[in-house]
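For reference, the structure is listed below as structure tokens.
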Amino acid sequence: MSEGTGRYNFLEVEEKWRKVWETDKSFEPSADRSLPKYYVLEMFPYPSGRIHMGHVRNYTLGDVVARYRRARGFNVLHPMGWDSFGLPAENAAIENKVHPAKWTRENIAAMKAQLMTLGLSLDWSREISTCEPDYYKHEQKMFTDFMRAGLAYRKESWVNWDPVENTVLANEQVIDGRGWRSGALVEKRKLSQWFLKITAFADELLEAIESLERWPDKVRTMQTNWINRSEGAHVDFSLVGRDDSLRVFTTRPDTLYGASFCALAANHPLIAEQAENNPDLAEFVSECNRLGTSEEVIEKAEKKGFDTGLKVAHPLDPSWELPVYAANFVLMEYGTGAVFGCPAHDQRDLEFARKYGLPVTPVVLPKGEDPQAFDIVNEAYVGDGTIFNSGFLDGLGVDEAKSKVIARLGELGTGEGTVTYRLRDWGVSRQRYWGCPVPVIHCADCGAVPVPDADLPVALPDDVDFDQPGNPLDRHPTWKHTTCPNCGKDAVRETDTFDTFFESSWYFARFCDANNPDEAFSRDAVDYWLPVDQYVGGIEHAVLHLLYSRFFVRALSQCGYMNLDEPFDGLFTQGMVCHETYRSEDGKWLSPVDIDRRGADSAFLLGTDKPVKIGRSEKMSKSRKNVVDPENIVQTYGADTARLFMLSDSPPDRDLEWTESGVEGAWRFLNKVWRQVQDAIGAGLPDRNTPLPASFSGPADALRRAAHKALDGATGDLERFHFNRAVARIRELSNAIGEFSPSDDSDRWAYREAVEHLVQLLGPMTPHLAEELWRALSNDTLVARSTWPVADPGLVVDDMVTLAVQVNGKMRAKVEVERDASEENARSAALSHENVQRAMEGKEPRKIIVVPNRIVNIVV
RNA sequence: GGCCCCUUGGCGGAAUUGGUAGACGCAGCAGACUUAAAAUCUGCUAUCGCAGUGCGGUGUUCCGGUUCGAGUCCGGAAGGGGCCA
């Protein structure tokens, strides 16, 4: 404890207790599988080299849960690791000539040291790093098992190709048709790639969303939309003058009589066939390919088509012929890559029809419209209505017409009902070095052969250069040359690596048995620990990471690794950490460390009188320079202050505004608590085991009530992730303690009780200070290992309650009555109050509503 | 364009889920301690009126509704945000 200064010496104290926890192995879970378990996990970080405030918030929230659950008697697993494959390491290699492995390992060491200073209750004995062969060899095994189970397959696929980065981009990495990093115009290219069959679980993934009760609705909606199940039909249009037919997918078979053309994706096989003898069509196809595969870009682009000259016959009326177009808004990956256009009832089709002079025939009549007068001008009608202009479907509703037309198509053999999804199979191949090698050998005779288990891992070679663009694995002189495990002939290794979402799709399972050298994890370990009880992370992973992980537990279950429905039982998505932005007069962004804040709304460049413009609070980002380095905060105020501030004002799911004054407020509070406990000790607290006194003075009773109410309320708040409210209650207790001065032994007994509650409540939030004070109160245990106190219900509810009295709904008085007083007593207490009498102006009450322990409303 | 969410003092937010609006904190003001400052402590702080410690009016973005009673429920509008297009 610090001497002389009268202030809390956090530097000494925080380091001391971290060492104690480490020696004590306080955060390693018990191996006893009969204990109730609780698995708390925060999304593991990419090792960029330094932690940022977003990490501090994320890991503080998780740590509060972990420490609280431990105190509630759970066997808690709270691990940490590194999502350590990925592009930045390769970029560093290119820019700074440092090997990705070296760069990554150094970053991990630096970030780990920073994380250590936060006092997180992590079990570091389970630390994992996904770029190490002892991690990725297991996922290579999984992949070969997926191949054998038919869950991984290879196909030619159109991809977004970034010509500068020389790699495939995901749709979300394409912004306005350009690569998100390089800014280069993205091209469509056809590559042979590996896919994981996530669509095999589309229905299951969709239906199970309903069971994820402890997930935010927002995330559940986003996943539902992402999977986007749609019921519709496959319809076959026979090609005029040929023997084959064109299969289209539609969600609106009821509008088939409104068809005026068919449109095909530019890379539909039929278009490829036609383009061979049609250079103009071929040019159109390559123009479409330049658009990329992003749906958003495609949707925003001008709708263009190219008449192939082919005709198809209408499936319900063979004498009716429709033209066939290649179109830039139809995707080969969705449905069948072909649609029929019904301009009257689809906006895209309408724009297309207007452009190419195609007929627009309305077939759905909105309620109340006259069939003779109803006309489509600039807006397609997509709503409900009655079918008309449609032969045997006339007069039916949309849904009835759908089933009837599907039945008819079935009879005619020209179509059938079907279900499609927007969700597509997950392409996992990346043309990159710093990733997990795809464990496959290509043999001229045997094809793609999985690497046998005994040969795993397929480790990345260390001797690579990054002097040229493209994949260093591919141009490595020896690495890819090997022999076929089947026939023994010369063969080559796959040189692609996995998408880094692969590693993060199963890391939560590895943590259950992180040091298992033989298997990814033992069945026993995952059976006990999974699912994760509380997952905490950013909303940015609402779809991909979380959906892939949900897919993985299903795929792994199918392959016998585990038996699990869902990986994450509870999910919490925290808000961003924001800060004011500053700009100099010439418009340059300025960092908060260079700002001299004077008063509520003026600021100057530090050490000068140059005014600075204060901008609105935005997410901390390097580009706006509004970042505050956690390391500085921890050095200046200590980890507990940073943690407390993270928890104090804003609800965890909302954005948090980082303010210097708020941090100082948290720091002041910690010092106040420290002083309060010193004062209490100075007052001569009774020994810990002193029995409960028979009676208490009025102030002591009030203090005890404050302590038990704070405990009861804060416990409920912690259960419900209302950490900001829990902090408020703790401050209330501190305020009550500050007003108390003991005068006898029973007072001092109550004093100790209140102070101990305060310290224990702070345990999950400011653990270092809590340990220091707990020890100062002559406890020989650790708060980290202590049991959460239980509130005495008799002290949580008061004997007397204040009733609000309203007259005609307006608050007029407050009256004190006994808790659970009879309606009669409440009524007469209310009526006898002088303010109430005055407000009633001598009138007779017409009706009196009494809500026990809350309110009396007198209607006159 | 579609769907969803949000809007409470100068600021962050609270409100037992239909029952005392503004807990707790930040900022501010006043005071105590001090030679002084820092630190700390105390008080005030939605707003207007009557004149002072109480009483009354108004007040949860705006308009309307349901109800004895609405920040909370319903309908509409505005502004902000998110997701999908």
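Each residue, glycine too, has its Cβ placed from N, Cα and C.
Taken straight from TrEMBL:
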- A:40-174: domain 'Methionyl/Leucyl tRNA synthetase' (DOMAIN)
- A:45-55: motif ''HIGH' region' (MOTIF)
- A:225-408: domain 'Leucyl-tRNA synthetase editing' (DOMAIN)
- A:423-580: domain 'Aminoacyl-tRNA synthetase class Ia' (DOMAIN)
- A:618-658: domain 'Aminoacyl-tRNA synthetase class Ia' (DOMAIN)
- A:619-623: motif ''KMSKS' region' (MOTIF)
- A:LYS622: ATP binding site (BINDING)
- A:705-824: domain 'Methionyl/Valyl/Leucyl/Isoleucyl-tRNA synthetase anticodon-binding' (DOMAIN)
- A:818-837: region 'Disordered' (REGION)
Mind checking which residues of the chain, 6+ beyond the ends of the motif ''KMSKS' region' (A:619-623), have their Cβ under 8 Å from one of its Cβ atoms?
52-54, 576-579, 589, 655, 658
Cβ pairs under 8 Å with the domain 'Methionyl/Leucyl tRNA synthetase' (A:40-174): which stretch of A:225-408, A:423-580, A:618-658, A:705-824 has the most?
A:423-580
Go through A:225-408, A:423-580, A:705-824 and flag the stretch with the largest number of C-beta pairs under 8 Å relative to the domain 'Aminoacyl-tRNA synthetase class Ia' (A:618-658).
A:423-580
With helix taken as DSSP H, G or I, strand as E or B and everything else coil, how many residues of the domain 'Methionyl/Valyl/Leucyl/Isoleucyl-tRNA synthetase anticodon-binding' (A:705-824) land in each class?
68 helix, 17 strand, 35 coil
Using DSSP, what's the helix, strand and coil tally for the motif ''HIGH' region' (A:45-55)?
3 helix, 0 strand, 8 coil
Quick one: mean pLDDT on the motif ''KMSKS' region' (A:619-623)?
83
